[in-house]
Amino acid sequence: MEEFITFITVFGGLGIFLLGMDLLSSGTKSLAGARLRQLLDSFLKNKAGGVGFGVILTLLFQSSSAASVVLVGFVDASLITFKQTLPVLLGTGIGTTITTQLISFNVGNFALLFVGLGFFIRNFTKGSWKHGGQIILGFGVLFFGMKLMSDGMVPLRDNDQFIKALLYLENPLAGMAAGMIFTALIQSSAAFIGILITLCNSGLLSFEASLPLILGTNIGTTVTALLAAMTSSYPGRKLAVANALFRVIGALIFIWLLTPWANITAAISGQAASNARLLANAHTIFNFLMAFSMLPVTGLIGKLAVKLVPVPKVKPVHALQHLNKDLLSSPELSMPFLQKEIEDMGNLVYRMVEGCMDPFFHRDEKAIKQIRIWEEKTDFYREEINQFLVKLNESKPMETWSEEVFRLMHVVNELEQVADIVSVNILRQGEKWLQNQIKFSPDGKKELENYHQRCLKQLERALTLMQNWDQNQALKMKRKYRKYALMAFDLERRHYKRLLSPNTLSLESSKMHMELLNLLRIINSRATNFGRLVFMSEELE
């Protein structure tokens, strides 16, 4: 019965510890996650900056494996290159050491103080204070989980079977294998390090015996990433393999340097350092030395990863390039990928509008076939992006995110409406046009070409506006819309005036001329709708 209670206490403590890490991660992402895109440009100018970005990324997620998932998304979205991610991977290892250092402090008796303080700050404040309270709450829950594990392990000091198992782990290879397996099972290196620290504080594990376990932990984190990469994108598989190469090479080097590593750690830590402090410092020293020793050879590791990962077949035509289900857990970080996906959809719609007049001006039948293909893909974009937005809002139903989700859904809907105007209305008229030999008058053709270019320019402004939602740009679109609306009215007047003259071409093409002018005017209106989203409720017309 006592053994069962011990198991429940340790197992429950581990669960509470992981819950604390989840709360901590959620708080840090809410506090700083939205600024992550800006940090990319600042940090990724050189390799050292990439390492620093990896540290920040891991602090946000409290998981190097989760950080690597985000890196895959950044590469897929073309925000960074595969080469730039390699120093970032090294930085994720350093990022885990900060959490390890924090949990090595024996503050379990104050855990509930952090829980209470964090809870009240989180629930009775707003903005950054609210997110800060979540971080404090996360630390409190984390430390409370460690205290439960520590209390639960006290009876194990007199358990002969457990002592024999720990003695077996003093074999370096056995210890490294155990660290790898346990870390892969619980999918958190920080959690396993927390268990090791608890064992050290309980006097059940010596500092020297913990070193191979630390090496195994670093390899174990790659197992999760490698398994996830099996169904990931090509950049994801390359990243997972490169990460595994870094960790395995580092562990294989340090397994032969256990004594010097232990001596350096002891010298730096001082004679009064506890085993838990020595363990945390050893973990820090390993990750720092590995990062900066591997930094000069990231290029070689990258080339090796490329050779080990086969190049996949070309993606199907209808496939999102930047979004994946892993991003649903991080609304703050999914925005750059959503923006990139919607930007791709917008560029496709722009090409549709750009080529929609070719059947009329150049009698181009191929343009119709190509636009039909693009229209199918825009339908796919709308369905997939909207589904992602709905799931994103469900995963974190906050008022601020609901507004952002509404805005992006509106953008996707407007883009699809423009695509439908082209594919359903304009192309249908184009097919009729190609069946006869009617031509526009020179003046009529020139006017349609001119107005078509104005609509393209307004759509281009809409796509640019989507990147920053600038009020000045929205107001400019409002002015241009009114100008183009008056222009369309003037073009109608000119056309009717030509009909009064003996102009056969104008008479024959009159119905088509007016139909196209009206459809282009609707496209102009749809593009201008983007500007309304800047003010949300203010009408621009």
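Cβ coordinates are placed from backbone N, Cα and C, and glycine is handled just like the others.
Features as listed in TrEMBL:
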type	residues	note
TRANSMEM	6-27	transmembrane segment
TRANSMEM	48-74	transmembrane segment
TRANSMEM	94-121	transmembrane segment
TRANSMEM	133-154	transmembrane segment
TRANSMEM	174-199	transmembrane segment
TRANSMEM	211-232	transmembrane segment
TRANSMEM	244-264	transmembrane segment
TRANSMEM	285-306	transmembrane segment
DOMAIN	342-422	domain 'PhoU'
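Residues 5-10, 12-28, 30-31, 102-103, 107-123, 125, 194-195, 197-199, 201-202, 204 of the same chain sit 6 or more residues outside the transmembrane segment (133-154) yet have a Cβ under 8 Å from a Cβ within it.
Only residues 6 or more beyond the boundaries of the transmembrane segment (244-264), in the same chain, are considered here, and those with a CB under 8 A from a CB of the stretch are 89-90, 93, 172-173, 176, 207-208, 211-212, 215-216, 218-219, 221-222, 225-226, 282, 285-286, 290, 293-294, 301, 304-305.
Across the domain 'PhoU' (342-422), DSSP helix (H, G, I), strand (E, B) and coil residues number 73 helix, 0 strand, 8 coil. Over the domain 'PhoU' (342-422), the average per-residue pLDDT in this prediction is 84.
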